[in-house]
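A short write-up of the structure that comes next.
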Amino acid sequence: MALNKQESRSMITVTNLSKVYNGTTVLDVPHLEIPKGQSFGLVGNNGAGKTTFFSLLLDLIQPTTGSIFNNEITVSQSEAWKPFTASFIDETFLIGYLTPEEYFNFIGELRGQNKADVASFLKGFEDFFNGEILGRRKYLRDLSKGNQKKVGIVAALIGNPEVIILDEPFANLDPTTQIRLKNLIREITENAEVTVLISSHDLIHVTEVCQRIVVLDRGEVVKDIKTSEATLRELEQFFSGEEVEDEKENIL
Amino acid sequence: MFKYFISLQWKAFVRSSSFGKSLGLKILMGFLVLYFSVAFLFLGLGLYPLLKEFYPEEEPLHMVNQFLLLWFFLELVVRFMIQTLPVISIKPLMATPIPKRKVVDYVLVKSLFSFFNFLPLLVILPFGIFTIYKSEFSPWAVLGWMVAVFSLDLCVNYANFLLKKYFADNLKALLPYLGVALALWLLEYFGIWSITEAFASGFDFIVENPLFSLIPVFMLLSLYLWNRKVLESRFYLDESIRGKVQEANTRDFNWTRKFGDIAPFLQLDLKMIWRNKRPRTIIFMSVILLGYGLIFYPQETYQSMPSIFVFVGIFMTGIFMINFGQFIPSWDSTYFSMMMAQNIPLKKYLSSKAGLMTFSVVVLAILTTPYLYFGWKILVINFCCALFNIGVNIPVLLYAGSFNRKRIDLEKSAFMNYQGTGATQWLVALPLMIVPVLIFWGVSSFLGFQAGAGVLSGLGVMGILLRPHLMNLVEQAYVKSKYAMINGFKQTGE
């Protein structure tokens with residue numbers, strides 16, 4: 001996909017990034033580049049640093065060393081990356097006392113879309129919402145966890161962002177929605193302009209939708225794989241611990 | 001078990017991220033506590049000799065009895081304003097094998113150790129001891145009286161919680177009681193039947209028959225049990241779990257469009273205020289407190305002290321500003337990380353808050369115009385205060401907001417949700433009201449009323465002219481503390 005562009009440009013660049021809490025290093029990434037248009041998957045066990053990485057990317061926490069560049073903008077120094085970056089990390093991204101429609105309109109407004117734009121955008125998600133979101137006259141806080149997640153994910157897609165960050169998008173979703181979400185992400189990444197970053201605990205989902213998978217373990221990048229037929233097997237081996245021992249030796 | 005709860009509370013206090021801030025406030029509170037203790041102790045020590053000196057032929061105990069009802073009533077009002085029910089975060093305890101009753105008992109018993117219950121003792125004990133030594137009442141009679149008065153004090157303690165818990169959700173249920181109180185007051189006012197007299201003779205009767213002091217003790221017990229019943233029945237996470245889902249109100253506040261690019265934030269704030277119980281009470285409070293002037297303006301004694309009217313003016317025109325402003329940006333704490341990651345320039349976010357507060361001051365100032373009835377000076381003062389609020393107090397409040405680290409859960413049901421309110425809330429607000437009073441008092445006592453009003457409004461206008469610069473400073477403060485805020489707002493619980 002990216003072939004028709006000249007040597008694909010780096011959208012997100014990480015240099016010497018580390019985050020230390022009270023002497024414990026929770027993230028240490030010397031260098032990482034994510035080209036424009038790539039769908040990028042981040043996997044790792046609890047505490048591997050996935051959410052820390054995304055929070056740093058969104059300037060929600062401060063890096064101890066190094067910096068992240070989003071389209072050549074240093075995220076911790078300028079706010080200029082915000083207009084083209086959208087994200088959904090967790091329910092704290094939702095405003096509980098709004099109805100889904102109001103929330104979409106609010107986000108739309110922040111991204112320069114008027115009500116009509118948002119309405120026509122939402123038309124495309126009727127299947128995804130499965131009739132449980134729109135027009136129900138319910139506040140977001142009264143929706144189930146899964147439905148809240150759907151709202152957050154769709155809101156992150158409003159206004160044609162160039163970078164989309166989704167933390168654990170598959171968790172809490174019912175099987176039907178998981179399949180629909182996979183198709184949705186594939187559709188988005190077919191457009192070579194949009195860079196998608198996803199983290200997940202579900203190896204199957206992430207290998208299905210991501211072109212590249214990076215494995216984090218205790219804050220460090222231990223695998224960086226271009227997705228192929230063999231990827232799932234490789235990841236399963238890694239996480240079952242069969243291969244871990246000698247792998248670690250190589251790193252240390 | 002109680003020991004365990006106490007250690008939990010201590011940890012919650014020490015480990016919360018606003019620890020530094022609340023510690024500073026707690027020290028300030030400590031001084032206030034000391035001040036009031038000394039004041040009450042002097043009152044208790046001096047009451048008997050003073051009454052004896054000024055009214056030698058009256059018996060001090062009977063005179064005190066005349067004022068007891070008024071005392072209890074004032075005490076209830078004060079407690080309602082500033083005393084809070086001790087909180088304990090119940091959610092983690094609900095599924096543990098601790099009986100509900102134990103938790104509720106803990107909360108209720110803990111409330112007995114409140115400073116508010118200690119203060120009256122400082123008056124009752126010295127006064128009672130003086131009475132035993134100086135008058136011909138038997139020690140048993142005075143002891144009975146002391147037990148009765150103190151029990152009623154504790155009754156006020158529990159009545160206050162009932163008011164807060166039981167009636168806070170259901171103001172209409174309070175109406176009959178208010179009606180009874182009003183009727184009693186009218187009867188008293190027109191001299192038909194005096195409840196104070198009846199109350200006083202009740203206490204005189206207790207002095208004669210000390211055994212009857214058990215009646216207030218029984219009242220205390222029954223209030224305790226009533227409180228326990230109410231709290232136990234609320235010992236659930238949320239009414240919404242039981243299937244009560246609110247029908248969404250979809251008012252759009254489209255008129256805010258006039259305000260240009262801050263419109264979406266204004267709309268969001270208005271929805272936030274209108275749809276959540278906690279902020280909604282601010283609106284009601286602002287409207288009710290508009291009547292505050294009625295207490296001061298008709299009084300002869302205050303006419304020569306216009307500085308008092310400055311206090312009233314700042315309070316009435318700024319009550320919404322004070323209550324809303326000091327919790328910026330905590331109102332947005334539940335979704336603060338989204339606000340920070342979204343396409344929202346910090347400056348726009350802040351100026352929409354400033355806009356909302358300015359709007360409230362203007363509206364409240366207009367609503368106070370009927371006070372013109374009490375003289376043009378009052379109108380002038382109120383407008384000067386409004387200008388001062390807009391120009392000076394709003395930027396100050398916004399700046400102070402950058403030190404907020406404490407989350408507010410808008411969605412928590414009313415049970416035990418008094419986060420951040422209480423005496424500390426008023427302490428933060430105090431300088432906002434005192435400083436303009438001092439400025440006005442200083443200037444007007446040398447240069448006269450016009451100069452005082454001129455300086456107040458001049459400062460306000462200056463603040464308004466400098467607002468863009470001031471907002472830049474405020475914005476920098478927010479940029480600096482952004483990460484600490486995000487982290488603090490993630491901490492749930494007290």
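All positions are counted from 1 along the displayed chain.
Cβ atoms here come from the backbone N, Cα and C positions, even for glycine.
Unlike curated entries, TrEMBL annotations are predicted automatically.
What TrEMBL annotates here:
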type	residues	note
TRANSMEM	B:27-48	transmembrane segment
TRANSMEM	B:68-90	transmembrane segment
TRANSMEM	B:111-133	transmembrane segment
TRANSMEM	B:139-162	transmembrane segment
TRANSMEM	B:174-193	transmembrane segment
TRANSMEM	B:205-226	transmembrane segment
TRANSMEM	B:281-299	transmembrane segment
TRANSMEM	B:305-328	transmembrane segment
TRANSMEM	B:349-373	transmembrane segment
TRANSMEM	B:379-401	transmembrane segment
TRANSMEM	B:422-441	transmembrane segment
TRANSMEM	B:447-466	transmembrane segment
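With Cβ pairs under 8 Å as the measure, the transmembrane segment (B:305-328) is packed most heavily against B:379-401, out of B:27-48, B:139-162, B:281-299, B:379-401. Within the chain carrying the transmembrane segment (B:27-48), a Cβ under 8 angstroms from the stretch's Cβ atoms is held by residues 60, 64, 115, 118-120, 122-127, 130-131, 134, 423-424, 427, all 6 or more beyond its ends.
Non-local neighbours of the transmembrane segment (B:349-373) in the same chain are 259, 262, 265-266, 269-270, 286, 290, 293, 297, 313, 316-321, 324-325, 328-329, 339, 379, 382-383, 385-386, 389-390, 394-395, 397-398, 467, 471, 474-475, 478; each lies 6+ residues outside the stretch with a CB under 8 Å from one of its CB atoms.
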